[in-house]
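Everything below concerns the one structure shown next.
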Amino acid sequence: MNQLTAQAPGGVPHLTHWQGVWRWLLLAFALVLSLGVAQVVHAQADPDREMSTGAPGIDADQWRQVRSGETGDNYRTSRYESDYNLINSSGETWRQWRNRWVSPFGLIVIGGMIVIITLFYLIVGRKELEGERTGRKLFRWPLFLRALHWSVASLFIVLALTGLNLLFGKFVFRGLFGDAFWGGMISASKFLHNYLGPIFGVLLIVLLVCLIKDNIPKKHDLEWFKKGGGMVGKKHVDAGFANGGEKAWYWILATVGVLVVASGFVLDFPNFGQGRDTMQWANIIHAVGALGLTAVSIGHIYIGTLGTEGSLEGMTTGYVDETWAKEHHNLWYEEVKDQSVSEQELVDRRASKGAGDSPATRSS
Amino acid sequence: MAQMKFMCDAERCIECNGCVTACKNANDVEWGIQRRRVVTLNDGESDEMSISVACMHCDDAPCMAVCPTDCFYKTDDGIVLHDKDLCIGCGYCLYACPFGAPQFPQQDAFGERGKMDKCTFCAGGPAETKEEEYEKYGANRIAEGKLPLCAEMCSTKALLAGDAQDVADIFRQRVVHRGHEDGAWSNNPKASADNLAYDAARKG
Ligand code: SF4
Ligand code: SF4
């Protein structure tokens, strides 16, 4: 190029001014002509030729890949710190699972439980003690376990209510109280749920560890279930420190409960790089497990309070009446009956050193 | 009433990320948030293809269906907007969204999510004043009779925004002009079943 421009002054001089102009005109004419020809060719573009010469498009296999959510080696997305695929197709699956199955069936299970228990209470009624109270008490729950139980229990109730609000609240409270109230209510729900959840998880594990030795399944527990916990045949059934039903509740918490806690952690701390797919699964497990636990817990709450005379005092004062122990936990009673104390002794004991004394020995 | 839609012509997109930048600029979105992204398939291969993605303002929007606070709503123009005052940052909309549109500024401890942010089709969002609206949701160009800036400034006009009918007409014209049977989405057997491409093949 440099050479050409350098030579030009030497080659051009003998051309006259007019010759130069003609040359330019000729060039322009040729250009216009060639454009016209090109236009004609373009108008006759033939699809087959275009197909064969054009860059190949995305084929069916690649669209299948996009739909399946896979991202190959040569997949790029321009968003900062993101590896999202083009189509998150499991999102719709998750939506259907959650909205079509988990929500309505959760409502049916919990509502059903409330109805069954109400009917049971109205028809069968409270299970009273059959014998007279002896007035002598057996120590059942030390202060530490009672404190732990009530902490876990209150956290459970808060988590259940806030969780239900996250799933169903929008159908009720938004219309009822308006946006301003609903906004505060739902953000409080999420806040409580996310911050109390981990505390519940840790305390639940501690409680499970403390109680495991009382909840090892035994042969008489099977018998307990066959007789419906004594409801069938009106005959007393054998039970140690924990009866078959209590053990079942323990093991539900030790399995489903732990699963709910674990999936809750996955959802609560999105800063460990877990993807949307993982969180979709965690959410389904969390919701199904938690709705199930809530339903069963209603049964536990009923039996522990309204449903059975003499049960609640064990968890509030730590002591139960001899008669209650004999009727509900006969095997345990046989072991510890010589450790009973009168109410007067109890009052004296409390006055002298508080209630944190050691419990009667137990066996499951 | 108009039904607003985005459409990205993958045969035209050159992955310049101009739309991404335009959006950031128009809406002044938070640090770390990028409402639009460009996805490239088979990068560097002969069948490389790019497509610009943001919220597609779905008809039956999954985000809307799963949000626990029910904070989404559809405008008369078919634009899916949400109320940041109600949003609790639970992330459900992100789990459900087909296009990965919802994003969260991570501003709190333990990765707790902030208020969700996503493309508004440049239609702002619910707020008392214009300033508040801009602060929370970005520009409201729709109110000024303008279309989203990303599509307005797309250099190849790959990204189209507007009433679904108009967008479809423009695209149909292009497909006709391209002339071959699957001018919409090359080599996609589904494309021939798709009305748009099928009609075009007839006419072309
Ligand atoms: S956020 Fe996602 S699901 Fe919601 S309208 Fe936009 S693209 Fe659809
Ligand atoms: S993050 Fe906000 S907008 Fe998304 S589902 Fe949760 S509350 Fe709704």
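Every residue, even glycine, has its Cβ placed from backbone N, Cα and C.
The region 'Disordered' annotation in TrEMBL falls on one of the ranges A:68-94, A:338-364, namely A:338-364. The recorded stretches the transmembrane segment (A:105-124) and the transmembrane segment (A:281-303) share 3+ CB pairs below 8 A when only pairs 6 or more apart in sequence are counted, and are therefore in contact. Long-range contacts of the transmembrane segment (A:144-168) within the same chain, counting only residues at least 6 positions beyond its ends with a Cβ under 8 Å from a Cβ of the stretch, are 102-103, 106-107, 110, 185-186, 188-190, 192-193, 196-197, 199-200, 203-204, 206-207, 210-211, 287, 290, 293-294, 297, 315-316, 318, 356. Residues of the same chain lying 6 or more positions beyond the ends of the transmembrane segment (A:281-303) and with a Cβ under 8 Å from any Cβ of it are 94, 97-98, 102, 105-106, 109-110, 112-114, 117, 121, 156, 159-160, 163-164, 167, 245, 249, 252-253, 256-257, 259-260, 263-264, 266-267, 274, 311.
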